[in-house]
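Asker: Right, I'll just put the structure down here and ask away after.
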């Protein structure tokens, strides 16, 4: 038996403790007068109550009401409401310390024991004392109600335990009922007792303790009483209707025993004492079963949870919540059977029939009080290994009977047992045993004979099954995948201490369960997700779809292999998951009963379908389920599917925000009308204006009465009629400025003159009339003001102010709306209606082609001639493209393969446009200032210091060959200066062009940015994509290399640009991503060009061509280009009868969702290949082992193999190519030391 600590607090001395019957709360009353409310699951302090003066010795929760009661040395009993966190009232009456307080299980009563030698019973509803029990002649240390009967037990320092009958009190206080004649007669003739009330009388006085008694309590179901006292003894008493007597005494404590209680589920007594120990006693044998000691803390109080298998003890420095046994049953699932232990019996539960049979007795294994810890089943030999933590860890091997029905059988023979903390089957006739003490792992056969023994590579706490011939070794800081045969470590993964391991049915994924974390990894221990929980994790199981379902103490949750997780449902009590099947979760509860809990897997199946891009299943779930909730909406927004989230939302406000986010003006307009709030119309107007929908903009401005913006909108759209109405409205509103603006927009001079005269601006009115040739009106104004033309000075160079005449009047139609892409869900949800979407976020995807119909060139020159596979005909356009292309021709794989990625990349202009320039002061060399102000190579080149720039590039990214960079050097140097012709015979004047021309201080000047990153993305990269799509591999390779050379000299000019990533998307991360894109394309295209030079005339050449084709498919290309690469590899492999490889390529191609015709062709090849899944040629290609391709030899470098990298483009090379020139970027030295490229000052 062991003490399993679940929670421990540090505080002042704890004198009283009480569990809440339903919630995971515990109250602790302290010697310093404070009451603490703890959540023992979370380990957090919820509340403090500080109204008592002096120590609080008694505390108790009510069973059903949100109440608790406390009693202390201030003679007061306080009743509290834990919801409102305040004291409701105080019961006064005791004349000395209150030692204990308890609620009655049924009536509104509180019982209290006090040092005033009395026991009082209170009605907490009427707040009165209803009975005083007198009889003890010393302090009463404890008084409690019987859990069922009308009895009270009390313990006193007068060395007695008294049992009181309170049936009279119950009858007196119960609800009126129809009484018999005898009852009414006795009630009329009854006289009060001369010496006290007859409501409560002493039934038994139990004498036997030699000193004062500190505690006494009833057994929850049997007629037993346990008591303890300062005589260091624990006594057991039995009673019947007429008498009570002492049964036996438990001796072993060597100081005052503070408290003793019955174990609510077993025949055990638990006691704690001032000797700093908690002891467990066998109630039938009256012998000590276990003793748990603390070094410095005396124990004062002990309690059991009313429903759970939990105990709590208070000591000098806090409290401890603990269990005396593991409630997790040992179990293992095999196919449709669950093998588990319950009450020292091995049981088998059949999932299909629901039959639950006891098969074998395990009573001889370990201690009778300690349940088995783990179970391992061997289906081949029908044997089980069961381990127990008794005696430092033991195991036993049992053979199962052929028939599981009937009575449980006793194990036959002597049994094959031994010592070890973990024992698991690892093969049909072998099992592994961990001897934790000696750190030895033994491999034994079914006769329990050691066949192999070895020491693990580190300190191991547990061992787990990891497939044939392998073990998972759990250490304090990691998990090790260990090969038993070769005795070597295959892989290691850092994790917290792992308690349980759950493998997926196909052994491809594993969940490593720690106390508060779940680590999901693949079979090679490569981590894919790490999930942290604040509540203890209890168990888990994989469902059919590859989702890990697990449970904590109070929830069933799920985790996707990528790390997304959420709650499926809550739990009343902890359970242990054994299997997940459909909508049912099979569990074992803490009573060892197998049952099924219904769950709704819709949410995690929906998320899994989104992650896997299985949009058909996503649509099916949306249409057939009621999946709702803020968490789903937030998840869809986070994953970039606001249009899907819009389908779930019914709340107008959320629906409006989502509609704006995905650009759905129609839905936004509908919800704005229903809400009719000013802020909504303003947001809608801004989004509609961004899209060019001026009709919705007009409606929004009208709803919020934004007259000024309406007028300007009518001016921009040329709507003269509505501008006139706006002028009339302004006149009715007496808005002078609005009226003037509208007349200005209309070019209505008379109205402007009239308005200026009305507001008393006669000079402006005269000027307006005079400027527009209205001389009579001007003279009338002069006459009215009493002036002549000689008195007025008119500007000599005045110009008429007339608005432009509208050429196209868009009154009933919109402007051309913003061009946006349409997603999969737009078509599904909106059918034929257009659903405007926000532009795609910035990335490096190609927008050079819209469809794969333009593909040609080198992609299509192979004629594989595969019989039985339907050919996709070429279109006329493709034929013409091929004929016109005299260099390399067009694509010729298919005429209907479409690019899946159509990404809009916004155009941007280069930084550093010419600005007004202030010549530098005499004597300042601005080139030298540029060098001192900037550490960037591009700025040093602009200053003319080429040598410095070369040294910087060599230090940063190991550049050794500067010849290819000569054009870029000269371009930067020339673009940073302008020359102006001077007088005849004088040299021209030279000026430096700055990128911060607005700053007049020459000391902070920097040269103009010549190569703008945005231009590279918008122009150069798209052109390279276009060449790749056209099949012009040589030209495309040259273009990508030129981009690599240009990016090297890119400058991000302002930090504000880096901060506003959403606006311009330029920072070092994007630079590195672009370098990676160029690297992958250069390497992939070079591999493909090398493959096309291989003549397919010998087996070795065919093998090399197949390998190069396979390596090409592992380059990180755009989806459209990767589809074409996979298709080429698939056809070539099928042609040379490498069917297994062809099937792999077909599967990968189908995962990328190609066009229908290509998908049909891939399925045909896959079906044909799977009929004979073998390869004619053995390739140096392992798709399951991660690898990179050597940039020089075009051979794989598998994970863990030695390699060196190019310091600039990060291309991998084999070690023999170190110090050579990189073949990808052609400028850096392989393996050179570098500090990293810098593009920002």
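Note: Cβ is positioned from N, Cα and C throughout, glycine not excepted.
Feature annotation from TrEMBL assigns repeat 'WD' to 7-48, 49-90, 91-132, 133-167, 206-247, 250-291. Residues or ranges marked as domain 'COPA/B second beta-propeller' in TrEMBL: 346-589. For 616-773, the entry in TrEMBL reads domain 'COPA/B TPR'. Summarising the annotation, TrEMBL assigns domain 'Coatomer alpha subunit C-terminal' to 822-1239.
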Asker: Cβ under 8 Å to the repeat 'WD' (133-167), counting only same-chain residues 6 or more beyond its ends: which ones?
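Answerer: 96-97, 99-100, 102, 104-105, 109, 111-115, 117-121, 196, 199-207, 209-218, 220, 225, 227, 229-230, 237, 239, 244.
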Asker: When you scan the chain for residues with a C-beta under 8 Å from the repeat 'WD' (49-90), skipping those not six or more beyond its ends, what do you find?
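Answerer: For the repeat 'WD' (49-90), the sequence-distant neighbours (Cβ-Cβ under 8 Å, at least 6 residues beyond its ends) are 15-21, 25, 27-37, 96-103, 105, 110, 112-114, 122, 124, 127, 306.
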Asker: So what's the mean pLDDT when you look at the domain 'Coatomer alpha subunit C-terminal' (822-1239)?
Answerer: 75
Asker: How does the repeat 'WD' (91-132) divide up by DSSP, counting helix, then strand, then coil residues?
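Answerer: Taking the repeat 'WD' (91-132) as a whole: 0 helix, 25 strand, 17 coil.
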Asker: Going by DSSP, how much of the repeat 'WD' (133-167) is helix, how much is strand and how much is coil, in residues?
Answerer: 1 helix, 20 strand, 14 coil
